[in-house]
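Below is one structure; the comments refer to it alone.
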Amino acid sequence: MASESGKLWGGRFAGSVDPTMDKFNSSIAYDRHLWNVDLQGSKAYSRGLEKAGLLTKAEMQQILQGLDKVAEEWAQGIFKLYPNDEDIHTANERRLKELIGEAAGKLHTGRSRNDQVVTDLRLWMRQTYSKLSTFLKVLIEAMVDRAEAECEVLFPGYTHLQRAQPIRWSHWILSHAVALTRDLERLKEVQKRINVLPLGSGAIAGNPLGVDREFLCAELNFGAITLNSMDATSERDFVAEFLFWASLCMTHLSRMAEDLILYGTKEFNFVQLSDAYSTGSSLMPQKKNPDSLELIRSKARRVFGRCAGLLMTLKGLPSTYNKDLQEDKEAVFEVSDTMTAVLQVATGVISTLQIHRENMAQALSPDMLATDLAYYLVRKGMPFRQAHEASGKAVVVAEMKGVALNQLSLQELQTVSPLFSSDVNLVWDYSHSVEQYTALGGTAQSSVEWQISQVRALLQM
């Protein structure tokens, strides 16, 4: 039973808590997000207590009906919070007692807020996994659909932000889609470690009253139970993994956003964002700003900060539960909200993006085929290092003459290497260039189509 002060732990205290400390200690402002899973866990625990002979069937039914009523009030937005409701567990138990009386005091038998809160968090994150996994799949599907539809479009590939080699536009899209498939796989792995039940661990030593944890595991549809009660209440590996997953996913999304921001400038003019994902300037009427992409790029650092912050919290804690762990939930809630918004906006950007095919084609230049010139000599039997040097010399000759590489005459090329012959003209065909990269993973059409099929298969797993 709660003490006169209304605190679940107040029986040991004679004095009241300083109001500033009371506010400082409270987590109800954010852990109220857990109201539904907190009630879900309590329902399962009440059934576990009845199975262990700690509740009569009538008491269990009374508690379950009361918890249903509490859930209705939350769902209808009429649940009232009071100053003494320091967290979601206190609030729900207080309201349950108001509804059903003293029987509510039996619900917490053998249970600590230590195992209760981490159970709640795992339940909540399990739901979040399903949502984020769906949004991530939708984004990848949008990217693959676009890659398939625009497979014939060629444009410059860049290294060091310098034009490097001709590639398919689809190849660029898929480079980011493939990175996101790894994020999807990682999220599935994190889910496995989220889906482990700590309930029944008590505060530290376990449960002494015969509560069947395997029964609770089945009731809440967890995949396994935790192995050690001390570890169960204090470990937040699953939170750290989730935050790291989000950090890595945001890294990939930020890099894609950076590319698109550059490609959308007048200097590149390869793509144009839809009005739906752009904003303007309050001073300069001509501006169309890629705020959607800039915010994706910026929000990555917020996620990184939450991940680093949690690790800093965890690394200095002594064994078992410490109040520092209260900070984990704000990180999880914020990052979940951020990822939900970012994935949806990124999907909208990709789905509505307009590409300027002519500008992409015009940006291709013969100097980007210098590697192809080296490959030409390799096919004639020259070792690659010699071929690389010969191609480099041809580039120098063209620069000295002030002409494009493809404007060198056959005679001029033959001064570099006698292996050049009239068929060298095939080298200057951009379509021919991309089609030579037929090895799996390359930018030839057959390889790009193979990549598309592989990504689609991954999405079905």
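Note that Cβ sites are derived from N, Cα and C of the backbone, with glycine treated the same way.
Quick look at what Swiss-Prot lists:
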- A2: N-acetylalanine (MOD_RES)
- K7: N6-acetyllysine (MOD_RES)
- S27, N114, T159, N289, Y321, Q326, K329: 2-(N(omega)-L-arginino)succinate binding site (BINDING)
- K69: N6-acetyllysine (MOD_RES)
- H160: active site, proton acceptor (ACT_SITE)
- S281: active site, proton donor (ACT_SITE)
- K288: N6-acetyllysine (MOD_RES)
- E294: site 'Increases basicity of active site His' (SITE)
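Feature annotations (Swiss-Prot) mapped to structure.
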residue	record	contacts (Cβ under 8 Å, 6+ apart)
S27	2-(N(omega)-L-arginino)succinate binding site	E86, D87, I88, Q326, K329
N114	2-(N(omega)-L-arginino)succinate binding site	S201, G202, A203, I204, T233, S234, T320, Y321
T159	2-(N(omega)-L-arginino)succinate binding site	none
H160	active site, proton acceptor	none
E294	site 'Increases basicity of active site His'	A257, I261
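A separation of roughly 51 Å, to the nearest angstrom, links the Cα atoms of K288 (N6-acetyllysine) and K69 (N6-acetyllysine). Across S27, N114, T159, N289, Y321, Q326, K329, which the record gives as binding 2-(N(omega)-L-arginino)succinate, the greatest C-alpha separation is 51 Å. A coil conformation is recorded for S27 (2-(N(omega)-L-arginino)succinate binding site) in the three-state DSSP classification, outside any helix or strand. Non-local contacts of K69 (N6-acetyllysine) by the CB criterion (under 8 A, 6+ apart in sequence, same chain) comprise L99.
Of all the recorded positions listed here (K288, K329), it is K288 whose C-beta has the fewest other C-beta atoms within 10 angstroms.
Classification of N289 (2-(N(omega)-L-arginino)succinate binding site) by DSSP places it within a strand.
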